[in-house]
Amino acid sequence: MKKEELRLIFMGTADFAVPALRALVENGYQVKAVVTMPDKPMGRGHKVSPSMVKLYAQELGLPILQPDNLNEESFLDELRTYQPHLQIVVAFRMLPRSVWQMPPMGTINLHGSLLPMYRGAAPINHAIRHGDTETGVTTFRLRHEIDTGEVLLQEKLPIGHEETFGELYERMATLGASVLVHTVDLFLEGEPVSIPQEQLPGYVDARPAPKIFKDDCRIDWDKPAEEVHNFIRSISPAPTAWTKLHRPRMESIVLKIYRTQVIEREPRHRGRFGSIIWDKKNLDVMTRKGVIRILSLQMPGKKQMDAASFLNGFALSSDMYIE
């Protein structure tokens, strides 16, 4: 089959999916329609906004479907009118069987980990949180159980020791787009070979990657410095690690922490975890084992700033601590 004969449906919402959609179109594939979530209120003003995928699909002039319910018969009927050979899912939502079984070639998914490791909604975050030095992307055949389908292609990617979620996210989206195009290329040649995840290395010890909520983002300083550092960078810039600065006889302040550095892995300073060590330029916090240097943070109602700017405008005292 030729590229121009292969009818594709693309399903995605988050900006992670945009490079994949762009790559398919730029490589000559015929995306007949794009399925994305309905517009919803976003940001402080709760302004109703479209997804990034919808905005890009509008630029391309592609038909856009935004069903509230993926099981609605009207949506299924409209999807059938495009007679897709293959459906592609990137950063979307769980599909009912009636949708993913529709095309004769099936439905494939792009996932931000080396499956079977980190099945779930937040694979990039969890790879950083666990201190992994390598991750990657996987394309696989969709089936009902989340992220369990047979693997088509995988490609590895190193993780920098100081790399944040936001930085790795962008690199993963770019790599994922390339791997996805190569995967679709395989379908032009016939039925691609796929491997059950049970046969892949690490299947028995695979970690899950559940969605991360705001309540999960509070920093626990009663952990080794390396773990605290990995936790903070795993959710920077969003949903963002936070902690409380306690001030005697005053209300505590919530601080968002964006970037840190481990300056002591073995404790040389004495003191309780959460104790603050500072001078004119540096803001350090003791952990259970070692010391973390805060490089970038944010106070309520203020913009993100470096530690020196914070110290210049905020008077710390020896009876304050972080928790």
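First residue shown is number 1, and so on along the chain.
Each Cβ is built from the backbone N, Cα and C atoms, and glycine gets one as well.
Feature annotations, reproduced from Swiss-Prot:
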type	residues	note
BINDING	SER113, LEU114, LEU115, PRO116	(6S)-5,6,7,8-tetrahydrofolate binding site
Item to check | Cβ atoms near PRO116 ((6S)-5,6,7,8-tetrahydrofolate binding site) (within 10 Å, other residues, all chains) | outcome: 24
Checklist entry - Among all the protein chains here, how many other CB atoms are within 10 A of the CB of SER113 ((6S)-5,6,7,8-tetrahydrofolate binding site)? => result 25
Checklist entry - Can you name the residues of this chain that are 6 or more positions from LEU115 ((6S)-5,6,7,8-tetrahydrofolate binding site) yet have a C-beta less than 8 Å from its C-beta? => result THR138, PHE140, ASP147, VAL151, GLN154, GLN197, LEU200, ALA206
